[in-house]
Each structure stands twice: as structure tokens, then as C-alpha cells.
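Per TrEMBL, the features are as follows:
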- 65-85: transmembrane segment (TRANSMEM)
- 105-126: transmembrane segment (TRANSMEM)
- 161-179: transmembrane segment (TRANSMEM)
- 199-221: transmembrane segment (TRANSMEM)
- 227-245: transmembrane segment (TRANSMEM)
- 291-313: transmembrane segment (TRANSMEM)
- 325-348: transmembrane segment (TRANSMEM)
- 384-405: transmembrane segment (TRANSMEM)
- 417-436: transmembrane segment (TRANSMEM)
- 456-475: transmembrane segment (TRANSMEM)
Amino acid sequence: MAIDDISTLPSHRAISISSLHSELYPDAKVIDTSQSTRPISLTHVQEMKDENDQPPVYRLYRRRFTGLLGFILLGLVTGMPWVWFGPISTDTAQAFDISINQVNWLGNIMSCVFLPVSLLIPIFCARFGIRRCSEVGVVMLLISGWVRYAGTIKSLSPQSAYALLIFGQLFSAISQPIFQVLGPKYSEMWFDLKGRTTATMVIAISNPVGGAISQLLSPLVGTPRQSILVLAIISTVVVPAIFLIENEPPSPPTYAGSKASQSLYSLLCAMVGRVRRDDPAYMTPHERLDFTINTLIFGVLAGAANALSILSAQYFEPEGYSDTIAGLFGATLLLSGVLAGVITAPLFDRVLTHHLGITIKILVPIAAGAWLSLIWAVKPNNTGGIFAIMAIIGTCSLIMLPVGLELAVEVTRNAGSSAAILWCSGNAFGIIFILAEGALRASATASPPYNMHTALVLHGVIVMVVGSSVVFVRAKQARREMDERMAQQLDSNRHAEGVPMDTLGTSFSGQSIQSIDKEENGWIQHGDKSIPLPDKRDDARAEVIGTVVR
């Protein structure tokens, strides 16, 4: 077969490059081999090749675990101030001569500041990196602890003491979102497909674990003034954990981990359909719907849990439960969820790798039903029933933290910005719950006085209505599929390069392939001649060195 005849082959016939004899075409090289099969994969391979035309190298580093430990420790402590005053709200109001609503604002101020700060974190991180963001968070945490403690000086007036408490909470509100929003980005940059969800899980739940510890600790360490000192000491002791966190690894763990961070603006444009289809930020209409529903469900579940943590004493004390029992109710919710998350997150990495959508469709209705049941469960002498409901809510809701965060990254391919929007949604709903339910508190003449029954009705109904939207979620895991295709492509390329040519059914007699590149169209190069490959139709295929690419 003459070389000039190759371009005249019918487009429906397979072409075998191995049939080109080395004696006739010693300089032949294949420029495009499989563009008709997975153009996305080949494009990604081409993007990641360096100047020397070397394929990308994905690596894992042991020091990723030290950074993960740093995120866990700082997440634990930054989660404490938010709900620290929840179980001791009545005692705090008496000790500082302020109202219950003023005590509630010690939690609300954190939610209000959280909203703008969480949206600024992806911008700051893209410019300065994870390490510098974490350093800012640690400085704010240290300042917050001792500003709060300054408010415990007894010579201060109630207004001055309360102002210092508010300022301390404000600084805490700057530090807390940093170690929540950066969690999915850190796991994407340092962990591969077998550990990414687990890393996201442990970072995400470290904050509510800190909340659970604070609900147990704040009523047990003495008076409200003494408890604030304890919180300041804890905030100081954890500062050295910042030295465990590094910026980024020398080599990425996956293809997604190698990509530059997309901006929050690009995600917002994608959500309203203002980006081109070839833009990396592009989202299909169903992906936009999935992200919207995921944001609402994540926000309502996180906000409901936050409201319970802050209003726990106000929910249960009017029904005859002590502040210690009220704290145990909240701690049960959080700690049961932690245990469930520790068990399930590795399963999502290694077994249930493509089942995030099914998971939320099962867990969200269960959690919504449990929240609704509190309307009838919160009554005198029902300690066991409330503990059981708290365990169910915690198990379902806290599993949803890493699942919701990972699912948001899967449909947006934007780890930092999607996490910022989800956590912002959670805090926005938390503010709504706390303010609305505080206004629904019964009067002193009610039976029992100051009960929160109407607030629990609102609480349960909102969670149930928003949770029902989960039936419309499709939850395609686009990022994982892309990473898996890239890993398979690189493995197959390395395997092909390492096998002797005579074992691959070629007649090149030991001659090696010099390069396989991608251009706009496929060509076979021979000296000064360029011969196009046949048109790539649905039934066309190119057999390269004994391998059929489909």
C-alpha cells in the first residue's frame, strides 16, 4: 500500500498504523490517536504537559496528615465560642445584668459576620494561599479569647462588659469560617480519590465537635466569668497548630488538585448561565438546579443545628430540664453525628464512591421528620425520647456535612467558592431561625412560662418543606468522573510506553514510537508529507499498535 493511498481510505474502514512498515516509513509518527473517543481526557492531558512534553505526575505526601491535624485542632477551638453561651444563657444574663436576647446576640453576631467573611475567603485564598489565610484565623482567635475575658472585669458597667463580649465574638466570627470554608479546598489539593471525602469530613465535623465540647464544658467549669477564662486559655494553647498547615504540595494528588482555583464571580456567573459552554466554570442547567437545592438543604440543616445549639437552654429549661441536660441534648446531636461521619466517610471514598446523590435522598427525609417530631417530643419527663431524636438528627445531619460539601464541589468544580456559599447559607438560615424563634417565645403567663412550642413548630415545618426538594436532585459527580478518566488515561499511556514494540503486534522490529501528540486534526507525518487520518465518524476507529481506541 503506497503512502499516498492512505488518505483515500474509506472513512468507515479501520486503519491500522501497525501496517505501516518501518522500512517504507522509518520516520512515521502518530500525531493523534484517539481524539474521537474521549476528547476531554486528551485535552486535559495536553494541558498538563510541561515544556519538556512530559506527562503529569500525581503524588501523595505524608505531611498531608499533619496539615489535616492542624485543621482539625483549629476547627475544634474556633467552633467553641459560637455556642459557648447557649447552655448557660440564663446564668450569663444574670451574671452580666443583660437580657436573654442580648445573650442570644453573642451567637448571632458570629453568624452575621460569618456571612461576608465566608464569601471573602476564596478571594483571599486565591491570592495569598491556604497558609496565610490560616495565620489570619489564628491571630483573630487569639485576640477574641482575651478581649472576651477583658469583659469579665467586675468593675465594668454592664454595657461596657457586654461591648467587650460582643467584640470578642466578632473576632471569633472572623476566625471560624476560615477553617470551615478552606476544608474542601485543602482536601482537593492534598488528597486523592481514596481519601478526599474523609479529609473533608473530618475538617467539616471538627467545628460541630468543638461546639459539642463547648456545650458540655461551659456549664461545668464554674461561673460564666470563669468559663470565659477557660475559653481564652484554650484559644491560646491551640495557636501552635498553625505550623502544621502548609500551602500546597509540590505535585498534585489528582487532576482536579492541579487546577488553579476558580473565582467566586465565575461560579455566580455560571449559576445564572452567563458563561460559555467551553468555559471551565460552565454548569449544565441540571447542575445549577442541583447546586441550588443542595445549598438550600445544607443551609437549613446547618442553620437548624446552630439554632438548637444556641437556644438549647431556652428550648428545654421551661419544660423542666436543667441546663446540664440541655447541654447534653445538644452534645448528643453533635457527637452521634461525629461517630456516624467517622464510620461512613471512608465508605464514600472506597465503596460508595458514586452514591452521594442516593445518600442525601435517604438521609434528608429522615432528618426532616426527626426535626418535625420535636414539636411533640419536647415536653416534661421525656428525656429518653429527646435523646433518641437528637441522635437521629445528629446522625443524618452531620453525615450530610461532608456529603453536601463534596457534592457541591462535584457539580461546580470549584471547591473554595462552593464551600463558601454553602457555609454562608447555613449561617444565614441560623440567623433566621434564632431571630424568628426568639420572637416566638411565649410570655411569662404561658404554661409553662417562656416555652418555645411555637418556635419548634416553625423550626420543624421549615426543615420539612425545604427537605422535600431533595427529590429533584440528580447529583452527577462530574469532578470524580473527570479525575478517574485522567488517572486511567495516564495509566494506559505509561503501560503502552513500557511494553516492547514487538509484543504489541507491530512490524516495526524494535522501533519505538517517539511521541503521541494532539492537534486540531489527526495526521500521519512522513518526511515532508502530511497525510490526514480518515474522518472520525461514529463507526470509525483507529487501531494504534494493536490497541483499538473507541
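Backbone N, Cα and C define each Cβ position, glycine as well.
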Stretch among 105-126, 161-179, 384-405, 456-475 sharing the most Cβ pairs under 8 Å with the transmembrane segment (65-85): 161-179
Other parts of the chain folded back onto the transmembrane segment (291-313), taken as Cβ under 8 Å at six or more residues beyond its ends: 82-83, 85-90, 104, 107-108, 111, 208, 211, 215, 271, 283, 323, 326-327, 329-330, 333-334, 360, 364, 367, 371, 393, 397, 400-401, 404-405, 407-408, 411-412, 418, 421-423, 425-434, 437-438, 452, 455, 459, 462-463, 466-467, 469-470, 472-473, 475
Non-local residues, at least 6 beyond the ends, that sit with Cβ under 8 Å of the transmembrane segment (325-348): 83, 86-87, 197-198, 200-202, 204-205, 208-209, 211-213, 215-216, 218-219, 305, 308-309, 312-313, 315-317, 355-356, 359, 383, 386-387, 390-391, 393-399, 401-403, 406
Whether the transmembrane segment (384-405) meets the transmembrane segment (199-221): three or more C-beta pairs under 8 angstroms: yes
Cβ-Cβ under 8 Å with the transmembrane segment (161-179): same-chain residues at least 6 beyond its ends: 71, 74-75, 78-79, 81-82, 96, 98, 102, 105-107, 109-114, 117-118, 121, 133-134, 136-138, 140-141, 143-153, 203, 206-207, 228, 420, 423
